[in-house]
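Novice: The annotation [4Fe-4S] cluster binding site is assigned in Swiss-Prot to C49, C50, C115, C145 on the grounds of sequence analysis.
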Amino acid sequence: MEIDKNVDTLSEGQVDELIKKNIIMTSLEAVFNWARGNSLWPLSSGLACCAIEMMATGASRFDMARFGYEVFRPSPRQADLIIIAGTLTWKMAPAIQRVYEQMPEPKWIIAMGSCACTGGPFADSYAVVPGVDKVIPVDVYVPGCPPRPEALLDGFLKLKAKIQNPAKVGLKHGK
């Protein structure tokens, strides 16, 4: 369709076509959620054997950098995601809670492995927290003992979808 550059001569249908092809209508919140979902800065909390699989996820074979998640942060003040990987004990729980409180908003949590999700084989122990969600809120659970790097990548993608589409999962403003 040939469109005249003079706006005065455009019909309503031509204007609608130009809008569909050249203008993106969105909200600033949607842009922020898109950016947040594509550039998560994780803080690793490797408490057991799941940490080895988390390290493998960052290696070249699985390349989590292609999703924008390669920048593991050393400080909770710089991170927006904690990956709790492994067994959480009641003695360690206050430290994890303190780290969670030090993170800026919005913040997300991935529970990686059976131990982090439910306490795993140690759930009946007096010293083990039967799931990280008893201490801090969890956004995505990655089951397995230990979960493969592909499962952690799937967890990242599920979290990305949750961040970018907060209305679909009942969130307000991404959290």
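Count begins at 1; order follows the chain as displayed.
Here the Cβ of each residue, glycine as well, is placed from N, Cα and C on the backbone.
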Novice: If you count other CB atoms within 10 A of each CB, which of C49, C50 wins among these binding-site residues?
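Specialist: In terms of Cβ crowding, the pick is C50.
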Novice: Quick one, of the binding-site residues C115, C145, which Cβ has the fewest other Cβ within 10 Å?
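Specialist: So among C115, C145, the binding-site residues given, the one with the fewest Cβ atoms within 10 Å is C145.
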